[in-house]
Structure formats: C-alpha cells, structure tokens
C-alpha cells in the first residue's frame, strides 16, 4: 500500500514484495521529487461531497418529468460514473487508513485482490464517463442537425438501450482488467480509448459548431418549435463542451501518469511526475464534484428541482419559487 494513503492504478510488476504498491522508480527519485502527501480527510471530504451532489442529480432526473429526455438520461449515466469513482476512492482511502494503523489485518494476496477491485472500479468509471460524454455529444448532434426527426431517432427505449450497452461494456472492461491486471496491454487499451474518445469528440464538435450557424439560418423559416429545439440543442452542446473540458483537465494528468509508467518508468523526470499520483486522484475526484455544479449552472429546470429536493428534505414541505426559475 502507498504510505500517502493511495494505491497506484497499476503497478505493472514494479511494486515491492511487502505490499507497498509504490513504483521502484518513484522510490529512486524520492531524493529529487518529494511525494505530495494528502490527508485522508481531503479524500473523504471530496468523496462525500461528490456522492451527495450526484445523488441529487440522479434524484432530480427521476423526480422531474421534464428531465425525462435522452440527454438527461445520459447525464444521469455520467452522474453514476462520477459516484462510482468517488465511492472507489473513498473506500480505498478508508481501507488503506485501517491497514496503515493496524486496525485491519489482511494477507498480501487479499490486499492485491482488493487493489484490483479498486483499480477496476476506476477503470469502469472512466470508460463510463467517456461513453456517456460521447452519447451526450451524439444526442446534441442529432438535436441540432436532425431537429424535425429527433423524436423518432432518440426515443426513450433507444436511449435506455444505449445506456444499458454502455454499462455492459464497462462491466466487461472491469472484468478484463481484473483478469489481466498484470498485462501492460490493459493499460495501453485504456489509454487508446481515452485518446480515441478525444479525437471523436474533437471531430464531432468541429463539425457541429462549424455548421450550426448555417443550419440555424436555414431553418429560420420553419415553425417556432423547431427553432426553439435547435437553440436548446446548441445550449446543450455548450454544456457538453464545459463537461468535456473539465473531464480532460481533471483526467489528463492521470492518463499521462499511465503513459509515463509504461514508456519511461525508470527515468527520473518521469518518476518525478509519477510521484505526485495522489494529486492526480484528487483532480479526478474534483471532476466528480464539478460536474453537478455545471448541470445546475446551465439548466434552470435542474436548478429548480435541486432546490425543491433540498427544501423538501429540510422542511418536509414542498417549496414554491418565483416563476423565473
């Protein structure tokens, strides 16, 4: 186990035999790069905040029928992925704390298996996040460029099948990760998926925003509801751009860590970067905290439902808000 309260995502055979999962290359560079120790309370606080926020998001989607649309179903899938990464990091933090302070005793083999479970949960979470973001992007694309056929294309049953397929694929990825945890190819595949997702999203967004203005002018003569749907689609695309930007900023250091761990594990500069792994985990958890804030900032309907849920739970009575909400 890592003495600074967190496991490395995959030690790839670099861990010591006494159960310490810190890479040898990181230890060799300790004189040059000091590992940034982060208090266990920070991980637990972020995990709790993220968990409560994302439960609120899912509750809002379930409660408000106006949010029963494909886009918000995909947002709900993204919220579940954020919850999963928060739960895994919090659970891992508690386990390491108990082991470090001798409140919990486990055999080395059990520690290794538990480490694989934590890593698998992170793997499932990142794959689910990428797939959910991609699904939202496709939904926004259809909303903007196929506005008149949107209801026929993106039905509730079809969006449910997409979400089911996403999580079945994620579960398969998590299973493969546990079975082949010693193989570097698993990490390479995860990195390739991340880069492929970025390429697909960049291509989709470039095409979407280049044509959006022209397409909006072209349908200006159509009935007002089509124009409203189109403007809503553009607003949703901007929201997705914000979600994607935060995702990249928060997850990129983690994936760079994986790339360096494979390509130059014994290089001192690479080891220096990898020695701050705990900070990259903090960034991942910050992503789970920021996403619900973006939903609330960008969606009046979501914001209104958040207030209703919080007020009802606090006072056990429905709240009434001004019509501007």
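Just so it is clear, glycine is given a Cβ too, placed from its N, Cα and C backbone atoms.
What Swiss-Prot says about this one:
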- 1-37: topological domain 'Extracellular' (TOPO_DOM)
- 2: N-linked glycosylation site (CARBOHYD)
- 15: N-linked glycosylation site (CARBOHYD)
- 20: N-linked glycosylation site (CARBOHYD)
- 28: N-linked glycosylation site (CARBOHYD)
- 38-61: transmembrane segment (TRANSMEM)
- 62-73: topological domain 'Cytoplasmic' (TOPO_DOM)
- 74-97: transmembrane segment (TRANSMEM)
- 98-114: topological domain 'Extracellular' (TOPO_DOM)
- 115-138: transmembrane segment (TRANSMEM)
- 139-155: topological domain 'Cytoplasmic' (TOPO_DOM)
- 156-179: transmembrane segment (TRANSMEM)
- 180-186: topological domain 'Extracellular' (TOPO_DOM)
- 187-211: transmembrane segment (TRANSMEM)
- 212-239: topological domain 'Cytoplasmic' (TOPO_DOM)
- 240-265: transmembrane segment (TRANSMEM)
- 266-273: topological domain 'Extracellular' (TOPO_DOM)
- 274-297: transmembrane segment (TRANSMEM)
- 298-325: topological domain 'Cytoplasmic' (TOPO_DOM)
- 311: S-palmitoyl cysteine (LIPID)
Can you work out which residues elsewhere in the same chain, 6+ from the ends of the transmembrane segment (115-138), have a Cβ less than 8 Å from its Cβ atoms? 7, 9-10, 21, 71, 74-75, 77-78, 80-82, 84-85, 87-89, 91-92, 162-163, 166-167, 169-171, 173-175, 177-178, 181, 190, 193-194, 197, 200-201, 204-205, 236-237, 240, 243-244, 247, 251, 284
Using a Cβ cut-off of under 8 Å, list the residues of the same chain at least 6 residues beyond the topological domain 'Cytoplasmic' (62-73) that approach it. 136, 139-140, 143, 154, 156, 158-160, 163, 236, 301-302, 304-305, 308-309
Around the C-beta of residue 311 (S-palmitoyl cysteine), how many further C-beta atoms are within 10 angstroms, looking at every protein chain? 15
Residue numbers, six or more beyond the limits of the transmembrane segment (240-265), whose CB comes under 8 Å of its CB atoms: 8-10, 12, 14, 23, 25, 78, 126, 129, 133, 136-137, 140, 184, 187-188, 190-191, 194, 198, 201, 205, 271, 273-274, 277, 279-281, 283-284, 286-287, 290-291, 294, 298
Using DSSP three-state counts, the residues of the topological domain 'Extracellular' (266-273) come to 6 helix, 0 strand, 2 coil
In the topological domain 'Cytoplasmic' (139-155), how many residues does DSSP assign to helix, to strand and to coil? 14 helix, 0 strand, 3 coil
Using DSSP and collapsing to three states, where does the residue listed as 'S-palmitoyl cysteine' fall: helix, strand or coil? helix
Go ahead and report the DSSP secondary structure tallies for the topological domain 'Extracellular' (180-186): helix first, then strand, then coil. 3 helix, 0 strand, 4 coil
